[in-house]
Amino acid sequence: MKLFKNKTFLLFLPAGAFLIIPFYGFLYAVIQSLGGEGFTHYHEILNSERFLSSVWFSIRTAGIATILSIILGLGFTKWFYPLLTHTSHRVMVWIPMLFPHFVWGYMIILLLSETGWMAQAFTAAGWLEDRSNFPVWTRDPQGIGIIITYVWKEVPLVILLLFPVYASIRPEYYALVDSLGGNAWHRFTTVDLPNLLPVLVESFLIIFSFTLAAYEVPALIGTTFPEMISVLGYEWFYGSSWDDRPLAFAAMVLTSLFLLILTLVGYFILSRPRWRAMRGNRP
Amino acid sequence: MIRKKAWFLILTLLLFVIPLTALLLQSLSAPWRFHTGQGLDWGWQGYAILFENPQLWEATFISIGIGFAVLFMNVTIGLFTGKALVSYAYRGKAWLEALLLSPILIPSLAIAMGLHLFMIRIGLADTIWGVMLIHLVPTVPYSIKIFHNSYQQMGKAMMEQPHILGAGFWTQVFTVELPLLRPAIRSLTFLTIVISLSQYALTAIIGGGRVLTLPLVFFPFLDNANTSIMAAFSIWFALIPLSMYIIIEVLMMFLPYSRLPWRNHR
């Protein structure tokens, strides 16, 4: 079987060649963030009020958006997965996936801004005296617009990822829990959760790292202060002075390291023997 | 069950179908002013003004070109790697999968900024080729996952049989695997094109503003276009993946063992 082994190795070549792009890029970002001056740039941004408030704002906003998306997506899939077997139903749920994130963000502005459709409709219906009384949900300092855009856009993705798992759970397991006297909570924790956990952790990591570091939506629907880390990094990168460039690299490298540590923790949790045992003999 | 279905329909209509319909209606009428008691004022102005912009057509063709190239490379890399992952059964496979997923976990902004100088040095900055390469970063990990799952569902026996019957590597790919991978290619088409159309920052950094794709036209448009035009532009963004999906569907008819609609079949 030595030949087969070699062939398998050849099959990995395109992926290996592809991985050079992100890893080389990341390595270069690290090198440029150091800039031959050691950790001075890291020291500088870690003492910068603007950077620290941006980090807090990013983690808070991305965290809320991710957790909400996962909870809502999980609830939706758990409740409706028998209905989702119809293609037409799935197509309706996946409408937001047809649009880029920033286009959906623009739709949120159309819908929820102070001059938007909702404000107009409520004023016309007499529920609001004036459109300016409509709450500020877009370009707001709380990041509400960003959160709404991401949740609306990511819930279909969570459904897409969780649906195959729910479809593959054998109903006999629920019957087993019932016959042993378990309730709905037991059904969820002993049957659903062990099957779902790998996908849930992976979805969390994918969505969190995307919402934390994507530029387009916060640039469109966020404010200038506080700003997401990606907007700050982009500004430093293209800013008026070249001196800020190493700061952009340092900020993005720190974000990457944070996400890599989070990923390691996620995989560590998943490989704990208790969860593997509960998933049964599935690889 | 009927109540559940009613809830499902109410939720999906409210959250997904009605926003899309509203966007469609807005693109076909003058900007809405409901608070003044006005109704809808129908017209094609939104699309007419949008299509008058010569940048829009240039950007559309460039975006589609990049989309097809990125899709082709995704299918190639995804197919080989998915196949390799199912043939590979050793320890450390979970870590290998994590490694292959990592490009979407590292912020793509960091990668693009890091590659910028390198791209200038090898002459790929400000070119369509550089943009295609950088668009692989947020798409390929998904392709690998999708193809890996499909190959797993296909099962090992399906891959061993053609081997036993003496088919070469490429014969096996074209006559057995690709026809069975059709659903995977469909989802990949949507995913890749939409992700590629979503990249403003990556395209702006690597393309240097010279490679004009649709997001690079959309963002400056926001400041000086009315809602009808912007709604039409938003719909335009959804029409591109849809039309490319149709093209891919037609191309897939030429795969072996496809049911051709103009042939009789039982």
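The chain as shown is numbered from 1 upward.
Each residue, glycine too, has its Cβ placed from N, Cα and C.
TrEMBL assigns the feature transmembrane segment to residues B:188-209, out of the candidate ranges B:166-187, B:188-209.
TrEMBL lists transmembrane segment at one of the ranges B:9-34, B:61-86, namely B:61-86. Outside the transmembrane segment (B:188-209) by six or more residues, the chain places 63, 66-67, 70-71, 74-75, 78, 108-109, 112-113, 115-116, 119, 124-128, 130-131, 133-135, 137-139, 142-143, 146-147, 215-216, 218-219, 237, 240-241, 244-245, 248 with a CB less than 8 A from a CB of the stretch. With respect to Cβ pairs under 8 Å, the transmembrane segment (B:61-86) is most closely packed against B:128-148, considering the stretches B:98-122, B:128-148, B:229-257.
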